[in-house]
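Features of the protein shown, as given by Swiss-Prot:
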type	residues	note
SIGNAL	1-20	signal peptide
TOPO_DOM	21-575	topological domain 'Extracellular'
CARBOHYD	Asn85	N-linked glycosylation site
CARBOHYD	Asn130	N-linked glycosylation site
CARBOHYD	Asn203	N-linked glycosylation site
CARBOHYD	Asn264	N-linked glycosylation site
CARBOHYD	Asn379	N-linked glycosylation site
CARBOHYD	Asn387	N-linked glycosylation site
CARBOHYD	Asn418	N-linked glycosylation site
CARBOHYD	Asn439	N-linked glycosylation site
CARBOHYD	Asn482	N-linked glycosylation site
TRANSMEM	576-596	transmembrane segment
TOPO_DOM	597-610	topological domain 'Cytoplasmic'
TRANSMEM	611-631	transmembrane segment
TOPO_DOM	632-644	topological domain 'Extracellular'
TRANSMEM	645-665	transmembrane segment
TOPO_DOM	666-687	topological domain 'Cytoplasmic'
TRANSMEM	688-708	transmembrane segment
TOPO_DOM	709-735	topological domain 'Extracellular'
TRANSMEM	736-756	transmembrane segment
TOPO_DOM	757-767	topological domain 'Cytoplasmic'
TRANSMEM	768-788	transmembrane segment
TOPO_DOM	789-796	topological domain 'Extracellular'
TRANSMEM	797-817	transmembrane segment
TOPO_DOM	818-858	topological domain 'Cytoplasmic'
REGION	839-858	region 'Disordered'
Amino acid sequence: MPGLAILGLSLAAFLELGMGSSLCLSQQFKAQGDYILGGLFPLGTTEEATLNQRTQPNGILCTRFSPLGLFLAMAMKMAVEEINNGSALLPGLRLGYDLFDTCSEPVVTMKPSLMFMAKVGSQSIAAYCNYTQYQPRVLAVIGPHSSELALITGKFFSFFLMPQVSYSASMDRLSDRETFPSFFRTVPSDRVQLQAVVTLLQNFSWNWVAALGSDDDYGREGLSIFSGLANSRGICIAHEGLVPQHDTSGQQLGKVVDVLRQVNQSKVQVVVLFASARAVYSLFSYSILHDLSPKVWVASESWLTSDLVMTLPNIARVGTVLGFLQRGALLPEFSHYVETRLALAADPTFCASLKAELDLEERVMGPRCSQCDYIMLQNLSSGLMQNLSAGQLHHQIFATYAAVYSVAQALHNTLQCNVSHCHTSEPVQPWQLLENMYNMSFRARDLTLQFDAKGSVDMEYDLKMWVWQSPTPVLHTVGTFNGTLQLQHSKMYWPGNQVPVSQCSRQCKDGQVRRVKGFHSCCYDCVDCKAGSYRKHPDDFTCTPCGKDQWSPEKSTTCLPRRPKFLAWGEPAVLSLLLLLCLVLGLTLAALGLFVHYWDSPLVQASGGSLFCFGLICLGLFCLSVLLFPGRPRSASCLAQQPMAHLPLTGCLSTLFLQAAEIFVESELPLSWANWLCSYLRGPWAWLVVLLATLVEAALCAWYLMAFPPEVVTDWQVLPTEVLEHCRMRSWVSLGLVHITNAVLAFLCFLGTFLVQSQPGRYNRARGLTFAMLAYFIIWVSFVPLLANVQVAYQPAVQMGAILFCALGILATFHLPKCYVLLWLPELNTQEFFLGRSPKEASDGNSGSSEATRGHSE
């Protein structure tokens, strides 16, 4: 495929003066407008000998033509014309442009840069103490192409806070906002590209590589960044060197040969070549000449698409070439636009219509691009089509196109434009435009771009591979990079269909670490990690011990977490107990509601009235205490579990004790004594008994908390792969402390009711209390051995079950039968049945209640 070098660097790409008719292409590099944009493009190059022999600060003649620079300039022209022809960004305004050739040399670049900063209508930069109101000839500058030039112009324009948007300068140093506060670019920093390169090396396990850079700022900085990134990713650089720029001197030739010799001696198969196109041209020329063994060359963006390199004779002998290329939106109409402009440049009528006299800039600086007016349009047009179809130019063309749109968007924001007009009452200074460019978003075709804090844009990269088609290669996309690398292995071509291996030592297996031998960390032996340790990273040199809360088998690559083990809310046992809680609590609330509804009934009054309801409330609180047992143990929950369970139970049992005492008194003592004692057991003194019992239990709980406080324990020994967390009981004595009061109350209740003989024809309250206390003792006596033998992790579930079944036993044997009478046997809800006397007898104080009761029964 004919490349751009055939068009731009050989005699076939341009004609010397006098060969063919003159064009007026250079006269199209300026257009008037309300706001002028400066442009710096590599329209030509100069002979190196001319620069070496320069002894005076005179002008430099650019004799060779660069088609790439022309295409980039055309991209800027097309973008400006699009903006002017539309109304979305700058309605009612026109952008102008003033484009100059940099000749790819700093000396040449400074001349138009000085002209851009000259005061409007003059050719000089005035000296002021304050440049706030200074109005230069241009509002912003697009370019230059190379980082070397941008380092110079960036500092110069930053002094005046002149916005500068480069379409290709990618050096990371340009991201320094203190040095280059007004510099922006529509390409990512080289650091991003090198991160992609390091990711590519890691993907193919190429950890033994050579790194070469051009002997200039671009190459040296690239090598420095790559070296740091490679070291942090475990990639060893066997050899690092600088390649001099293309020179025919013997000294430079010796340096190139020495670089090639050291690369060969390092026995690497992969070389990262971060260099300018001219340095790569020099390196590959001698590599082909000296028959260097083929390598995998990882290219920087600066030379991956360079025709200077791609058209070298026998270039296929260098090996495989891979590199990342910034992705950009396609501009399908660009080819037609360039062809139209080139055709107009050859049209005498059109050329005659252009202004014939020299403008101010040309009088000072000479023609903008004299060599542009003597090119062969047919070769240039065909070369453009071929390079665009091969994907070698569109990313640079789009970057230039986007740079213009970024400035237009900033001007749009500064002028507060709407769909119909812009506010142009006052002139816009460059520094005002700059204020709107920081972190600004803008659109270029279908892409939304944004300047980051360092003035760069974040764009996706395509991974390109040279595929050989005689005589020159073409670029195939074989992957993408946007923070992560995506490869299309089926599209990659390798010698012998095998991916080259570039390693000093084989990769260690999983669970093995490296024992370095020699000086390079990539040369090592592999050693297994023992149990209890693991290999943290593939490039580790020592096994990392597992933490106390972790474990690992032998030859492990990770430590498995020892999951905390406790009675979780979602475990089946807990869910079952929670369902039981809902049942018991629901029955308790239903009983309480029923007794409140029938408050004045004989049954409720005979059961103790308010004391009975208080006992039910305590029973409900006793049930709710089970909610303290599931879940991850905490100090507060551990301390609260036993007191919050047994204090409500004491309140409940104390009310039952009062009823048991009343039953005992009524049955075993003379009537006169019984009436006197019952008045105390039912009156305010009854609450004193409840209070005293509760205070005794509270005192025992306080003793329990102070003398034997439970604590949250993390047990690492019980389970091999889990860590047990539980509330540890200090001793069995502590458990007995909180049960003393309740056990005594229950025992007294049992004695007071078990020995009592029920009277026929009356409700047998003693039987319900007897069975309730039996249920209490059976459950809590069974609880002790079960708690002692069950796995520690499930001890809270045992306590929950004991609490709920205890509550259910009391409820089912004592309270629910009374609810049954209230709902389904209302005819028994009488004073005779529950108190053993009629209303009349009660009022007369008659004690012959037994006969009345027997009469009711008959």
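Cβ atoms are placed via backbone N, Cα and C, with glycine included.
Annotated features taken from Swiss-Prot, shown on the structure.
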{"residue": "Asn85", "record": "N-linked glycosylation site", "DSSP (3 states)": "helix"}
{"residue": "Asn130", "record": "N-linked glycosylation site", "DSSP (3 states)": "coil"}
{"residue": "Asn203", "record": "N-linked glycosylation site", "DSSP (3 states)": "helix"}
{"residue": "Asn264", "record": "N-linked glycosylation site", "DSSP (3 states)": "helix"}
{"residue": "Asn418", "record": "N-linked glycosylation site", "DSSP (3 states)": "coil"}
{"residue": "Asn439", "record": "N-linked glycosylation site", "DSSP (3 states)": "coil"}
{"residue": "Asn482", "record": "N-linked glycosylation site", "DSSP (3 states)": "coil"}
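The two recorded residues Asn264 (N-linked glycosylation site) and Asn85 (N-linked glycosylation site) have their Cα atoms spaced 57 Å from each other. Contact between the transmembrane segment (576-596) and the transmembrane segment (645-665) is not supported: fewer than 3 Cβ pairs lie under 8 Å, counting only residues 6 or more apart in sequence. The DSSP breakdown of the topological domain 'Extracellular' (632-644) into helical (H, G, I), extended (E, B) and coil residues amounts to 10 helix, 0 strand, 3 coil. Annotation for the glycosylation sites Asn130, Asn203: lowest Cβ count within 10 Å of the residue's own Cβ, Asn130. Within the group of glycosylation sites (Asn418, Asn439, Asn482), the Cβ with the highest number of other Cβ atoms inside 10 Å belongs to Asn482. Compared over the glycosylation sites Asn85, Asn264, the count of CB atoms lying within 10 A of a residue's CB peaks at Asn264. Asn130 (N-linked glycosylation site) sits 44 Å from Asn482 (N-linked glycosylation site), taking the Cα positions as reference. Each residue contributes its Cα atom, and for Asn203 (N-linked glycosylation site) and Asn439 (N-linked glycosylation site) those atoms are 33 Å apart. Contact between the transmembrane segment (797-817) and the transmembrane segment (611-631) is supported: at least 3 Cβ pairs lie under 8 Å, counting only residues 6 or more apart in sequence.
Panel annotation: around the topological domain 'Extracellular' (632-644), residues 564, 566, 621, 625, 698, 701, 704-705, 709-712, 725-727, 735, 738, 799 of the same chain, lying at least six beyond its termini, place a Cβ under 8 Å from a Cβ of the stretch. Sequence-distant contacts of the transmembrane segment (688-708) (same chain, six or more residues past either end, CB-CB distance under 8 Å): 611, 614, 639, 642-643, 646-647, 650-651, 653-655, 657-658, 729-731, 733-734, 737-738, 740-742, 745. Summarised by DSSP class, the composition of the topological domain 'Extracellular' (789-796) is 6 helix, 0 strand, 2 coil. Nearest Cα neighbour of Asn418 (N-linked glycosylation site) among the listed glycosylation sites (Asn85, Asn439, Asn482): Asn85.
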